[in-house]
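As annotated by Swiss-Prot, ATP binding site applies to 9, 10, 17, 88, 89, 90, 98, 123, 124, 125, 126, 127, 128, 129, with the evidence given as sequence analysis. According to Swiss-Prot, the feature substrate binding site maps to 9, 41, 73, 87. Residues or ranges marked as site 'Transition state stabilizer' in Swiss-Prot (evidence: sequence analysis): 17.
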């Protein structure tokens, strides 16, 4: 069985993330979305909320599982029996960072490959940070995230607004 993990903070999950996830399922029997706990980042959503948002977003993808993790990505991959780490690339600046990360992961776990998937052009500018920024200013983010994620973001930033 070919198993991969797709790690990230997913704060929040975007249509770009979902595009990478759907395409990864074409290559692997099982893809585990590894929702990271990162003590260096302050997240808008708790780990449990991020997992729930992802579960709803990926409910039609039968070979996808969502799990939280803390620590080294390659160690989590080993625990899951995965032999690949999926990473999405939007632009050249993503590649430089991801390349360094892939080299470090290869040193830590030579048996685990990093697979890069390019985002579709319509998602190349989307980031969780820019979506949160726009939402905080009451901008329209409906084309960047699934509807349930949009509602959750607006509830965080603008609790006075009704669904």
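Using the three backbone atoms N, Cα and C, a Cβ is placed for every residue, glycine included.
Shown here: features listed in Swiss-Prot, placed on the structure.
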residue: 9; record: ATP binding site; CB count, 10 Å: 17
residue: 17; record: ATP binding site; CB count, 10 Å: 23
residue: 41; record: substrate binding site; CB count, 10 Å: 9
residue: 73; record: substrate binding site; CB count, 10 Å: 23
residue: 87; record: substrate binding site; CB count, 10 Å: 23
residue: 89; record: ATP binding site; CB count, 10 Å: 17
residue: 98; record: ATP binding site; CB count, 10 Å: 16
residue: 124; record: ATP binding site; CB count, 10 Å: 13
residue: 126; record: ATP binding site; CB count, 10 Å: 20
residue: 128; record: ATP binding site; CB count, 10 Å: 22
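Here the candidates are the binding-site residues 9, 17, 89, 98, 124, and by Cα distance the one nearest residue 41 (substrate binding site) turns out to be 9. For the pair formed by residue 9 (ATP binding site) and residue 73 (substrate binding site), distance between Cα atoms is given as 12 Å, rounded to the nearest Å. Separating the Cα atoms of residue 98 (ATP binding site) and residue 87 (substrate binding site) is a whole-number distance of 8 Å.
Separating the Cα atoms of residue 89 (ATP binding site) and residue 73 (substrate binding site) is a whole-number distance of 17 Å. On the backbone, the CA of residue 124 (ATP binding site) and the CA of residue 73 (substrate binding site) stand 24 Å apart. Cα separation, residue 17 (ATP binding site) to residue 87 (substrate binding site), rounded: 10 Å. The two recorded residues, residue 126 (ATP binding site) and residue 87 (substrate binding site), have Cα atoms 15 Å apart. Cα separation, residue 128 (ATP binding site) to residue 87 (substrate binding site), rounded: 15 Å.
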